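Scroll down for the structure; my scribbles are underneath it.
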Amino acid sequence: MKKLFGVIGDPISHSLSPVMHNRELNELGIDAYYHPFHIKGEDLKTAVEGMKVMGMNGFNITIPHKTAIIPLLDKVDPLAEAIGAVNTVVRENGLFVGYNTDGEGFVASLKEDWKDDLSGEKTLIVGAGGAAKAIYYTLLSKGVHQVDIANRTVQTAKNLIENQPYQADSQALSLKEAEASIGKYSLIIQTTSIGMEPDIYSSPISLQGLTPGAFVSDIIYNPGETQFLKEAARYGATTQNGLAMLVYQGALAFEKWTNTKPNVTRMKETIQHCLGGTSC
Ligand code: NAP
C-alpha cells in the first residue's frame with residue numbers, strides 16, 4: 001500500500017519540503033507521497049489523532065507547532081525532549097515517536113561540508129532562538145563542548161547555557177563582546193534572522209579580525225549569500241549557507257521513515273531550482 005508522509009504547519013504553502021521529498025521518493029522508486037497540511041493550533045490535537053487512525057507513516061512539524069506537539073506524541077527522543085521541540089514524527093510499531101532533526105541535520109552538514117571531528121572546535125553561535133537551541137544542544141550532545149553564544153538579549157543566551165543538560169564550557173556574550181573576540185573562534189554559526197529579505201544588507205556582527213581558515217555557516221538560505229557570509233569569505237573563511245541544514249534535516253527524516261539514504265546532492269538541486277524562481 002502507498003505510504004503517506006507530510007508536513008503540518010501554519011502557514012504551510014511556502015514549504016519546500018513537499019517538492020524535495022516527493023522528487024526523492026519518485027527517484028528512488030518508493031511507493032509513497034508527501035503532502036502539506038495547513039493545521040491551525042486549535043486543531044493540532046485532532047489532526048494528530050486523525051493521522052494516527054488513518055495510518056500515516058510519518059510527518060514533519062514546522063512553525064508554530066514544534067513544541068505544542070510534544071504532549072500529543074507517544075514517545076519523544078531524549079535530544080528532542082531536551083531541546084523542547086520536535087520537527088519529525090515517525091510511526092514505530094504503531095506509536096508516534098518524535099525526533100528533532102534540525103540540529104542533527106546541521107551537524108551532519110558540517111561533517112559533510114567541512115570535517116568529521118568537531119570536538120576540538122572553538123565555536124560561536126550568534127543568536128539564541130529556537131534554531132540556535134537545537135544546534136547548541138545537538139553540538140553538546142555530540143561532545144563539542146567549547147560553544148559560546150552571543151545574542152542581542154544576553155539573558156536569553158544565559159538561559160540556554162544554564163538549562164542545557166550536557167557537559168559544556170560556554171559563555172554568554174553580547175554582540176559587541178563577540179565582535180571583540182571573533183579571532184578566537186574556528187567555527188561560527190549565524191542563527192539570527194538578520195540578513196533575510198528585505199533586510200539583506202544587515203549583519204548581526206562585524207567579522208573584522210576573523211581567523212582566515214575559520215568555517216562560517218549562516219542558516220539563512222534566502223538570499224543564498226548573506227552579508228555575513230560575504231564578509232566571512234572576504235576574510236578568508238570557508239562558508240556554508242542554510243540550504244545545507246534544510247536539506248540534511250529533511251534527509252535524516254527521510255531515512256527514518258523509509259530506511260533508505262536519500263541523495264542529498266539531488267535534494268539540494270531540487271530546492272535550489274525552486275529558490276531560483278521556478279514555481280514548484
Ligand atoms: P527565533 O526563535 O525567533 O530567534 C530569532 C533570533 O534572532 C534571536 O536570537 C533574536 O534575538 C535574533 N534577532 C532577531 N531580530 C534581531 C535584531 N534585529 N537584532 C539582533 N538580533 C535579532 O527564530 P529561529 O526559529 O531561531 O530562526 C532564526 C533564523 O533561522 C530564521 O532566519 C530562520 O529562517 C532560520 N532557520 C533556518 C533553518 C534551516 O533549515 N536552514 C531552520 C530553522 C531556522 P533576541 O533573543 O534578542 O530577540
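Cβ coordinates come from backbone N, Cα and C, glycine included.
Per TrEMBL, the shikimate site holds SER15, LEU16, SER17, THR62, ASP102, TYR221, GLN249; the candidate it also names there, chosen from ASN87, ASN151, ASN159, is ASN87. Nearest Cα neighbour of ASN87 (shikimate binding site) among the listed binding-site residues (GLY127, ALA128, GLY129, GLY130, ILE219): GLY130. Other than the site residues SER15, LEU16, SER17, THR62, ASN87, ASP102, TYR221, GLN249, same-chain residues with C-beta atoms no more than 8 angstroms from the centre of those residues' C-beta atoms, the shikimate site, are VAL7, ASN60, LEU246, GLY250.
Model confidence over the domain 'Shikimate dehydrogenase substrate binding N-terminal' (7-89) is summarised by a mean pLDDT of 97. Taking a Cβ cut-off of under 6 Å from any atom of ligand 1, none of the recorded positions SER15, LEU16, SER17, LYS66, ASN87 qualifies.
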